[in-house]
Structures are given as structure tokens and as C-alpha cells.
Ligand code: KIV
Ligand code: ZN
């Protein structure tokens, strides 16, 4: 990259230091949300939405809980005009939802916009003109004073037409390209507009400070916002709104810091759709608040459904790593992460704490309609005992001894490594059964009889090894020990019975039990077996035989 000298920083700092926002550490209260999916989002699509898709998208936004929705730029396109008329004429706008329409500060466009909203109950007319240095010089070739006049004339016309129509529409003004505008000048323009509107407590005005193009780090924007919040006239009757785009990837940071700086409202889109790198992603912003215990007043409980609808309406794809919404954002493949999550989940079950603090999961996936089995613990060659054990336990009710989990973890890892594939829960269960359950070759036990003695247990075991059948007598301190001794004796086997565990099977069978047996070989390594049977003695002998066959 040899051309960096071609670029310069294109933002302006406020004339005084505005860093009070930096003393706060989180957003304490949800802002007013305004979705601009149907305007900013739609205008950025390769193929803009058709009428039917827009109507369905509007219904989705209402269902999520948006109370302010920018429905388009009705003077700019026939589809947007028809869409708006359909919403109004077919009574599709709930009483508690306000529609917002965008217009440039130009007379004929403003007039057409007013025609388009006739009959709507709650309306915000959003007027804008561009104020940045580069737009003033290059696009409009107008002085500061002339640009200010465009804003003031637009504001006056909004007021006049509203009064003429006998309506009480609310007004919004955006100094477009605010972040490339000198803050003192942006303030002068906004205050001139407010002077026209004279907002009241009952009819507040919205001053929207767009990051039309992101030029700076988020703390610079926060300082600009703080400067505006501290110096706007009629501040108590002004809703300060933010509209961050995402050119530097800081849309969420701009919004969060801007809210700390005093803003009250956010304009953004679902999943950050919008011009170029998009608008701020409201899903992330809202769920960031949620994960810190602040109610966002938007409902994302059915995230998968929302994602599917969004993708079908817009033709866009949600990135698998998109915060909170991406398919892989709760997935843990790494062994150490899985282990920590599995332990965290056990802790949760055991202690029932008031707050969610499970490691590696910033929020509970089930709050978004996702589930632990399918979305969280995922097994591939990076995974380990914790994840595999967690799946066998939670999905199939198998509580393996710790060391056996390790063995099963290595088995799963090796298969995934070899096949270069993720293993699904069912495949893990099948692998467990194939590797560790009721293996009867080369050794199998045909018949067993026990006699209780004064010192323990005597047994008579008929077994077969590679097709040759023998009957052996032995004793032990319990049934399994006695059978183990009989088998050692019959085939001169060298091992020690070191682990025995059993439990009822609740998930895969109601009346059976599972026994796990670990034997230690002369080289001190372990071999494992499991047996499943209605009779626990039978299950434990099957587990022992399997462990011997797995030596
Ligand atoms: O990004 C922007 O500046 C806009 C304005 C019209 C608010 O979309
Ligand atoms: Zn925008």
C-alpha cells in the first residue's frame, strides 16, 4: 500500500472538549428504535423488495416491536409510493406505530411526500440536506449560508403543509453527511431548523445526526454527539437520533458511544443491511444491551424465524459469524471451550444462580430460540472429551466415567480428523455404541452361575474365545470380580478391573441400565466397555467383556 499519503482525516472535532460520555460504562436504557430497513436497507439491495415482500417485512418489524418505521422515500419511486398507499389504505399500520417518510429539502419532493402520507395517523416527515464540507464544495457548490437556507426553507415548508393539512405530523431533520461537517456549523443549521419548528413537550422534533460515511473512530463521533446534545436549542423538546453507517466497521460502537453521549434514538436495520457496508445492526445493538441486563424493548426470541424471513425478503445472507444471529455464533468446537461450557451448564443446574455467566456464551442461546444441542456443542477434530461427554449426557442420557469420556473424546476426534467432517449428535452416539457397547468378539460369555459364599462370590462361567468354548470356576469379592477372575484364568489374561459405574437409562430406554467398566492393561493404559441390559449384572458382564475385547 503505497498511497496512504493520498488520504487525510475528514472529520472535525468539536471546538471544546466533549468527553463526559467516557465516564459512563454502559447504555442504561433502550433508545427509541427506528427501523430504516424499508428505505436505507431496501435502497441498497441488488434487487429491491417488491410490494408483497415490503408488506411482509413491515409486518415482521411490527412483530419485533418497532414503533417507528421509515417506510421509504415515496417521492422518489413508484414502488415506494404504492407501498405507502397500500399500508395506509389497507389499514396495515397499527395505532401505536408511527411511519416515517424521507424527503430531500426540495419543494416538489416535499409536496409529493405530503400527498403520499395522506390518511396516515402517525407520521414523521424526515427532511434532510447535505452539510459536509466536501458536499458543499463538490456537489452543491454552495456556501454555508446557502446550505443553511435549504434546510430552513425545507423546515418551513414541512410546517406550512402540515398546518394546511390540519395534521400534527412530527418532524425530523438530518444534516446529511454530519460526520464530515464542522460541528459548530452542523449545530448552527440544526438550531436554525429548530427555530422554525419551535418544538414543544407535546410535539418534540427529531434531530438526526447521521454517520452518512464513517470517517473517524467512535469516540470522535461520541464527542460530536455530546457537543450537539449540550448545545442544541429546545434540547428538552428534541429527540436526538443517531443514524450510523458502518464504513469502518464501527456502526455498533458509534451507536453505543453516541447513546452514552446523550442521544435518545437509533435509526438502523436488521443485521446491518444498508448502503455500502450497511447501517448499524439493530439486532446486535439491542442484544448487547440485553446481555447487560437492559430490556431492549425489541423481541428477538424467534431469531431463526426472523433470519429466515429476512433472507427470503431481501435475498441477503446473514453471515455465520454475525453477532447473536449467525448460525455459528454459539457453536463451540474447541475442546477447552466445550469443557468450560459443559461445566458452566452443570453449575447453572446445580446452583441455579440469578444471573447468566456461563463461560463463552455471552447470552443464553435459548433466549433467542436456539438450542444447546444443535447450536452450542459441535464436534469436529478440534473438540475434546467435554463436548462429546456433554452430548452423550444431555442428548442420550449417558453419564460416562471421566476417563472413559476422554477415550470417547479421542475416538470422536480421530474419526472427524480422518473424515474431515463435523460429527452430529446421532453420529457420536452411533460411534459410542460401535466402539464401546456390547462387543462380543473375540470373547463372549455364554452362561454364568453364582453362588454366595461366606467370603464373597463363587462363579461358574462358560465363555468362548475365537470359537473355542470353556467353563471356568473362580471366586471374587463380588459378582463382577468373580467373573473377571474366571475370564483371566480361562485365557491367561493380564488386566486389573479399575473402574465400574452404572446408572439407569432414562433417555434412550426407560427400563434398562448401563454399566461402564474400565480395565488397566499391563502397560498401565485403560480399555473401556459398556453394557446395556435390563438386568444390571448382565449389563456389567457385557461391559467387562467389551473392555476385554477392546484391549
Ligand atoms: O445516511 C444518511 O445520511 C441518510 C440520511 C438521509 C439520514 O440516510
Ligand atoms: Zn443512511
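Cβ coordinates are placed from backbone N, Cα and C, and glycine is handled just like the others.
Given the structure is predicted, the values throughout are model-derived calculations rather than measurements.
Copied from TrEMBL, the annotated features are:
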{"type": "DOMAIN", "residues": "31-304", "note": "domain 'Pyruvate carboxyltransferase'"}
{"type": "BINDING", "residues": "40, 243, 245, 279", "note": "Mg(2+) binding site"}
{"type": "REGION", "residues": "439-551", "note": "region 'Regulatory domain'"}
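Here the features listed in TrEMBL are painted onto the structure.
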residue	record	Cβ neighbours (10 Å)
40	Mg(2+) binding site	24
243	Mg(2+) binding site	30
245	Mg(2+) binding site	24
279	Mg(2+) binding site	31
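Residue counts for the region 'Regulatory domain' (439-551) under DSSP (helix as H, G, I; strand as E, B; rest coil) come to 27 helix, 53 strand, 33 coil.
According to DSSP, residue 243 (Mg(2+) binding site) is assigned to a strand segment.
Other residues of the same chain near the Mg(2+) site, with their Cβ within 8 Å of the Cβ centroid of 40, 243, 245, 279, are 36, 210, 211, 212, 244, 246, 251, 267, 268, 269, 274, 275, 278, 280. DSSP gives residue 279 (Mg(2+) binding site) a strand state.
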